[in-house]
Amino acid sequence: MIGKEVTLQDIVLELTEPQTVDLHCEEELPEQDTEVEPERRAYKIILCCGGGCGTRLRLFVAATQFGIRGLQDLLLEEVVILCPDCRNSDLQHGGQ
């Protein structure tokens, strides 16, 4: 711009053809590997009834290494397994 007022000669337009991008190109995406499921192993858990009667209980599970450690933590701290006799005497039906 030369001077205080804008004139049409001061504006330079570069009119070029925009480059188009072929969105339907023939490029193929590689097949994604299917997520490998962690290996589950069978475990036999022998524990005493948590109701106090001392009955030995057997529990069979299939779990990952992480899962069996989590179950171990739950059984040692938060959850107890009951035998059928103790279950009948102390059963809560979800607040009923």
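Every residue, even glycine, has its Cβ placed from backbone N, Cα and C.
Lifted from Swiss-Prot, the feature list:
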| type | residues | note |
| --- | --- | --- |
| REGION | 1-37 | region 'E7 terminal domain' |
| MOTIF | 23-27 | motif 'LXCXE motif' |
| ZN_FING | 49-86 | zinc finger |
| MOTIF | 68-76 | motif 'Nuclear export signal' |
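Packing against the motif 'LXCXE motif' (23-27) from elsewhere in the chain is no residue: none 6 or more residues past its ends has a CB under 8 Å from a CB in it.
Helix, strand and coil counts from DSSP across the motif 'Nuclear export signal' (68-76) read 9 helix, 0 strand, 0 coil.
For the motif 'LXCXE motif' (23-27), the DSSP counts in helix, strand and coil order read 0 helix, 0 strand, 5 coil.
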